[in-house]
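Just below is one structure, and these are the notes that go with it.
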Amino acid sequence: MHMKKRTFLAGAASAIGVSAFGTVSAMAQDKKVKVGFIYVGPVNDGGWSQHHHESALAMVKALGEDKVELVEQDNVPEGPDAERAMTQMALNGCDIIFATSFGYMDPAMNVAKKFPKVKFEHATGYKTADNMACYSARFYEGRAIEGTIAGRMTTTNKIGYIAAVPIPEVVRGINSSYIHAKKVNPDVEFSVIWLFTWLDPAKEADAARTLIEQGCDVILQHTDSTAPLAAAQAAGNVIGFGQAGDMIEYAPKPRVASIIDNWAPYYEERVKAVADGSWETHNVWEGLSTGMVKIGEITDAVPAEVKKEAEDMIAAISSGAYHPFTGPLNKQDGSVWLKEGEVADDGTLAGMTFYVEGLKGDVPS
Amino acid sequence: MDLSAINPVLLFASLMVAATPVLIAAIGELVVERAGVLNLGVEGMMITGAICGFAAAVTTGSPLVGFIAAAAGGAGLSLLFALLTQVALANQVASGLALTLFGLGLSALFGQNYVGLKPPPTARLDIPVLSDLPVVGRIVFGHDPVVYFGLLLLVAVWAFLKFTRAGLVLRAVGENHTAAHALGYKVVRIRVLAILFGGACAGLGGAYISLVRVPQWTEGMTGGAGWIALALVVFASWKPWRVLLGAWLFGGVTVLQLNLQAAGLEIRAEYLSMSPYLVTILVLVIMSGHRSGSPGSLGRTFHASQ
């Protein structure tokens, strides 16, 4: 049972009043850009949705409250509800709407067709239109760092991975962390649990506990809550990583590092583009080099030489000297994917639905 | 696949933990339904209990106070349902659904300031010698007190309904409220008490999720456990022991499917992930056979004039 809660920030209520009396807004000298955001979870989930929300607030602060009006709705299920939420925003006069979850892709596309003057921005997808752009972050770069730390620090050689929804982004994360854990520790094994949800603390906690009971002493997660870290803490000698947000409250242990999504600069740039009329559709994919993906503080629970190794890798990826998917790499069935020195192209990565060699189980479809 | 990675002892111990929230909530709802009232607001009362318990435990530092507050919170919300359905004679199905929506919203509102906090830990029972016994130690003596409370509650409710006069009266009210009324029993009063008990149980079940199983607060964190509890009561034919069986089955398959996935079983993860729901319902439906055994006055509005 889903409950939809509308979270309108301060100015939003008056904004509705303004749009209801069109003459008022027509007389206004500087028209504010009205920006809509929809989130898949609550804005205080401690992870994914919260960081989109905080980036949106940072964007408003940077551009000025007199220039931007923010309308937000959280807990929007992926599917027809999302279409309804975005249609409502478009009808209420939003100039640009950010749809911040993968499953909003087709709903956003449908609404974009109906409102050609409204700009749409979809996170982590791949479909674009004249008025719909997509943006994503190369989280797999961060996963390479996590994999390296995980491979070095595991003593049982068993690493657990709590996977969310089977989409290429999640599969890339599993592959990237596995490749890099294996590189520094050839004995390492991965156990992957798919939960088919982005946020369900009870399931996440159960999954983390199961992995720990099966001997995993490192837990990687692609779900949005801090429940797996809480389970790791309760178990004692288990480490994990912050996902989407820093989750610093679990530092220095079990949280030994984190992947942080930093969307604020992008939001600022795109809303500004709408304001000055220079907005154009695009498909961008940024990573450590531009700061859209950041690695949170690596704590002292990580041995100094491992920390150094991780930092060197961050530097190498940021500078472009190293790509996390560099051959030789085989697919799970043993067939060659990348030859020695070959680097994966973005097209393959964007549609990645296969495991690399060494991972067990199937990618659900 | 490496099944040896699965430790049956830990599996059974985890199963009991995973089953506890639904078990406690379902026991409460069973009493409510045996009194002839259908309260579909279990999910809303659970989540309200989850936040009340969490807030109280964080504020006072005592998990016990948290659980008491959770029971009070759940009962408080159910009082609203009791007023609507027993005094204002509103439709029970509609009121129950409204209660769930209301509870989810209310808890989200209360919970704003409790995100990201950690509750005080609820200690596991640690009896010297006994808890260290192989197998039995971990399964029987290695849990937190709430797990045992859930089992005791089940026994108490079973005995209450089966052996006590008050239990008989409650069942009479549920089977035929007109007859019970004619015999001079206070139908409304008995039902209100049953509803409050159900609310308190749901609240406890919710707090178990936020204080022990996860433990943290997130909006909507009960994730449908209330609906499972409701379904358990029906599929268990309103019999306490079958509720336990259903809860353990549900908890067991939930934990087992995670274990099988982690061990790399070659079954599609989608099937595994829906298995707890399928298996539980299937087994209970087969067991309940053709006799539905639902209380005669279930869901019907009672007014003394009728």
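Note: Cβ is positioned from N, Cα and C throughout, glycine not excepted.
Residues annotated as transmembrane segment in TrEMBL: B:6-28 (among others). Non-local neighbours of the transmembrane segment (B:6-28) in the same chain are 42, 45-46, 135, 138-139, 142-143, 146-147, 149-150, 153-154, 157, 197-202, 204-206, 208-209, 212-213, 222, 225-226, 228-230, 232-233, 236, 240, 243-244, 246-248, 250-252, 254-256, 259-260, 263; each lies 6+ residues outside the stretch with a CB under 8 Å from one of its CB atoms.
Using a Cβ-Cβ cut-off under 8 Å and counting only residues 6 or more beyond its ends in the same chain, the transmembrane segment (B:40-58) has close neighbours at 21, 25, 28-29, 65-74, 76-78, 81, 92-93, 95-104, 106-107, 110-111, 114, 117, 119-120, 198-199, 202-207, 209-211, 217, 220-222, 224-227, 229-230. Annotation source TrEMBL lists transmembrane segment at B:40-58 (among others).
Residues annotated as transmembrane segment in TrEMBL: B:64-84 (among others).
If you look up TrEMBL, you'll see B:96-115 (among others) marked as transmembrane segment.
Within the chain, the transmembrane segment (B:135-161) has long-range Cβ neighbours (under 8 A, six or more residues past its boundaries) at 9-10, 12-13, 16-17, 20, 23-24, 27, 30-31, 34, 67, 122-127, 167, 170-171, 201, 204, 208, 212, 240-241, 243-244. Summarising the annotation, TrEMBL assigns transmembrane segment to B:135-161 (among others).
Among residues of the same chain six or more beyond the transmembrane segment (B:192-211), those with a C-beta under 8 A of the stretch's C-beta atoms are 20-25, 27-29, 31-32, 34-35, 37, 39, 42, 45-54, 57, 63, 66-67, 69-79, 81-82, 85-86, 119, 122, 146, 149, 153, 170, 217, 221-222, 225-226, 229. TrEMBL lists B:192-211 (among others) with the feature transmembrane segment.
The transmembrane segment annotation in TrEMBL covers B:217-236 (among others). Tertiary proximity for the transmembrane segment (B:217-236) is limited to same-chain residues at least six positions away from its ends with a CB under 8 Å from its CB atoms, namely 21-22, 25-26, 29-30, 33, 40-47, 50-51, 54, 100, 104, 107-108, 111, 114-115, 117, 202, 205-206, 209-210, 242-243, 245-247, 250, 277, 280-281, 284-285, 288, 294.
Residues 1-3, 5-6, 11-12, 14-20, 22-23, 26-27, 30, 151, 154, 228, 232-233, 235-236, 272-273, 275-277, 279-280, 283-284 of the same chain lie 6 or more positions beyond the ends of the transmembrane segment (B:243-265) yet place their CB under 8 Å from a CB of it. Here TrEMBL flags B:243-265 (among others) as transmembrane segment.
Outside the transmembrane segment (B:64-84) by six or more residues, the chain places 39, 41, 44-46, 48-58, 90, 95-96, 99, 102-103, 106, 119-120, 146, 191-192, 195-204, 206-207, 211 with a CB less than 8 A from a CB of the stretch. Distant neighbours of the transmembrane segment (B:96-115): 38-48, 50-52, 54-55, 58, 77-78, 80-81, 217-220, 226; these residues of the same chain sit at least 6 beyond its ends, with a Cβ under 8 Å from one of its Cβ atoms.
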